[in-house]
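Asker: One structure, pasted below without further comment.
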Amino acid sequence: MASRALSQLLLAMMLPLLKLESTFVPTVQSELKLSGGKPGQELNQNKKVEECHVNPNGTRFCTCHSGYLWNATLCSLYPTCHGHTSETDSCMCRSFHGPVPGYCQLLPPAPADLILDSQLQMPRDTLNLILLKKEEATNLRWYLKHPESDKLTFLRPGTNVSQMSSQGQTGLSITGLSRHWTGSYVSIFEAQGFRWRLSQVVQVPLEEKEVVRLPDELSISRASSSGFQLSCCIPLTNLTYTATWSPGEGSQASLHNFSDSQCLVLTVEHCPEADTTYTCTLHSQNLAPLVAPVSVTIIQDGDTTCPEDFSVVAWNVTKAGFVAQAPCPVNKRGMVKRLCGPDGTWGPVQNSCTEAEILATSIRAKLLLEGQGKPDEEVQCILSRLPGQVDVVSTPSDLQETLHTVTLLANVVAETRTELTDSALKDLLTTTDKILEVKLSSLWTLAQAQAPALASDFLKAVETLVHSLSSQQHPFSFTSSNVLLQSQLLRHTSPPGHQMSFPAWPFLQALIPWYSLAPLVHNGTNVSITTLVLQKLDHYLTSSYAQGMWTPYTTPGLVLVVSITADGQAFTQAELIMDFEDVNVTVLCVFWDYSLFQGHGGWSDKGCRVHAGNTSAVTRCVCQHLTAFSILMSQHAIPENPILNLLSQVGVGVSILALLTCLVIYRLVWGVVVRNKVSFFRHAALYNMVICLLVADACFLGGPFFPSGYHSLFCLATAFLCHFFYLATFFWMLAQALVLAHQLLFVFHQLSKYLVLSLMVTLGYLCPLGFAGVTLGLYLPQRKYLWEGKCLLNEDGVMLHAFSEPVLAIVCVNGLVLVIVVLKLLRPSLSEGPPVEKRQALVGVLKALLILTPIFGLTWGLGVAVIFDQDSMVSHYIFTILNSLQGVFILVFGCLTDKKVLEALRKRFRFRGTQSSNSAVSLATNESCTSEHSKERSERASYEERMTD
């Protein structure tokens, strides 16, 4: 009796603090009986302990008197007076159809105490709630009732929530507290045959970072603005805050309430004369004040400023170096900012506004991951909202928060092993399809500038959510413009294995061989295979490659995700064979490795290799694991670069003018400079080079003006003429080099003029015509002749075999001739001569290199550097500049540096004055120098004279 009296005394002391509520717990023994109490607790059945009301349908609604509750069986078998059952419902009122099968029962003393050290918890601290049990308690659950809601939110172990239990007590711990954890914490458990509810109220004050100032700094001109407004806003909370602005002289403060926040707006009627700091101070009982200062800078005469502007929003005159700020539109949260540069020019607008609904959904997903809510209910609910929210995405912040929500949900599903329903997965795939639409591509770029791993995290999240489909929902398929999915259960396997096919270019089909699946199926496990194709997502993944993958690649526009789930466990060790059709380029099989580059992700070829396909048009990839796959295509060509294109067009245009000038010069001086066979061969080769290069450059510049495609005869003709005349230019270079080599090696052997000219014409025109004709005949029927979108040879193999290889071969021969020239200039006996002669010989070599290199087209040898160093833009720029200016080089080194040509031009126009020995680049050395080796100099001068003639 003493212990019972003590229990009643403790109950009387604790009830005011605990705000005790209780309900009776269902037990087998208590069914339709007055059980659950101890001796002395049985009720007098003649005493009425409930009130019942009958509606016209005959349903009885019975409510227990204070201190009494319905027994457990009645609570579980009969609905509440609101027509539903709930694990958090108090058994005060029940509805019955027919006679009431029992009575309310008297509550015993509380079997536990809920202990909290302080109701006021500071942000980022840890909350500890302890339930001290006096009796055995079962089915313990924790809930949080937010101040703005009547609904109880279930608390479970998460990133911030943990539960512990020991003999006689159970605890709840919450780390990283914020205002979202403010509310009444409820512990519901079963003891002594009753369901008990013990609660404690916890308050978490705001942090200074949650006080929003608009603006947080301001520069203003007294000449253009008479006054201004400052706002100080805080989110709604159950704590009472009093806000004040100082200084307050000459201003008025007004309070504005919104659905989720309240703002104190200070209206300053007249600008202060000097720079002033206004301070918004928030006071709450027993808390340190929150201080939010706003500095106002007065623009003085002579200060550099940005003028008024109306881009996106209205921007007032702002001092250089300051950031102008403007509020977001209605139903958006955040701020619009714009920097006024030091030179008084406006910078780009930075829009961080986020739709309030998108932001609220993201916060809800974050709290779900931390431990608030039931994943099997909340994940489906949040996913159902996302398709509609994507339609209103209009800023990078909107997109970033939406993708972040998907990532948070994937983390929840992975940690709690939640299974998705078919409707939830359909909502996810619909959201993904809309996110990958082209209209959001510009937002992707801006969002990834702030979060480089955004696309990688999104891909991982979608992959995680897709293979979380409940096994009861198979088979499942989904098709849209950007998302294709197939998911089904595998009940047996046989050769060749599980095949999947999708109508997405360039993917043809995928196969998981039977020997990879047989161990799983034979074990009797529930095996599901999910295959997902995502279009366009690879364009948003960063172009990062694992070590050793140095060539720049392009992706085909799709990512293939394959996952195998066996009894709820992800199975990654399986062979996957993928066939990609009609790519026609060098291919590398890769997968997206999320761990590369500090978690930002990158492409890796580990465990993947390229195999020969069944046909020449199919590329086969074989990988020994499952994840997100794609192919990287290296076309040995850099992406379109507007600067390089401009340089090419300008250079070719200048070359055309130079070549026309060259033709005019030859028209004027041909009879003077061509007086023997050697000079005739040299100038005939140069003249034909000029003609061929002029026609080729003209076709190159005119190509973009014709419609591209095989249906256009003008486009086909332009591509053929470009190919033929550019090749002819190099073959005439080869002819000139061979004639020079013959003159140097066979000094006393003379050839017939007509024989040499016939051989040069054959080499210069018939050989390139054969190459161009064979190329046209081979590749045109296969529709592989034209470069897509251009009137040029196809870059995929055709240009390499039909143009680049012959050109490089000619360049090699010309280089050999150049070496012969250098060796002839540097005779072996030269090393024994005095230093002055060595310097003169080196000058001669330098002049020979300067003249012969551009004339023989040796600059095209840089093409090798371009092929083997694709990621170096320097080689691309040098290659483009030198070769687009080939006509200029021919004019300068073929005509203007020729001494005889210059003399003929002077005589033609009767130029006066004497000619300096250094007026033109000549290969002749200074014959006025005397030396012991005058004979050797004379022989060397003879060779050089042959080169210039």
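Going from the start of the chain as shown, residues are counted 1 onward.
Note: Cβ is positioned from N, Cα and C throughout, glycine not excepted.
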Asker: Of 442-465, 610-633, 874-897, which range does TrEMBL call transmembrane segment?
Answerer: 874-897
Asker: Taking 685-705, 706-726 as the choices, which stretch does TrEMBL tie to transmembrane segment?
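Answerer: Among 685-705, 706-726, the range TrEMBL annotates as transmembrane segment is 685-705.
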Asker: So which residues does the transmembrane segment (685-705) touch in its own chain, when a touch means Cβ under 8 Å and the partner is 6 or more beyond its ends?
Answerer: 649, 652-653, 655-656, 659-660, 662-663, 666, 715, 718-719, 721-722, 725-726, 728-729, 732-733, 735-736, 739, 760, 764, 790-792, 855, 886-887, 890, 894-895
Asker: Find the member of 754-780, 807-826, 874-897 that has more C-beta pairs under 8 Å to the transmembrane segment (650-673) than any other listed stretch.
Answerer: 874-897
Asker: What are the DSSP helix, strand and coil residue counts for the domain 'G-protein coupled receptors family 2 profile 1' (309-346)?
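Answerer: Its residues divide into 0 helix, 18 strand, 20 coil.
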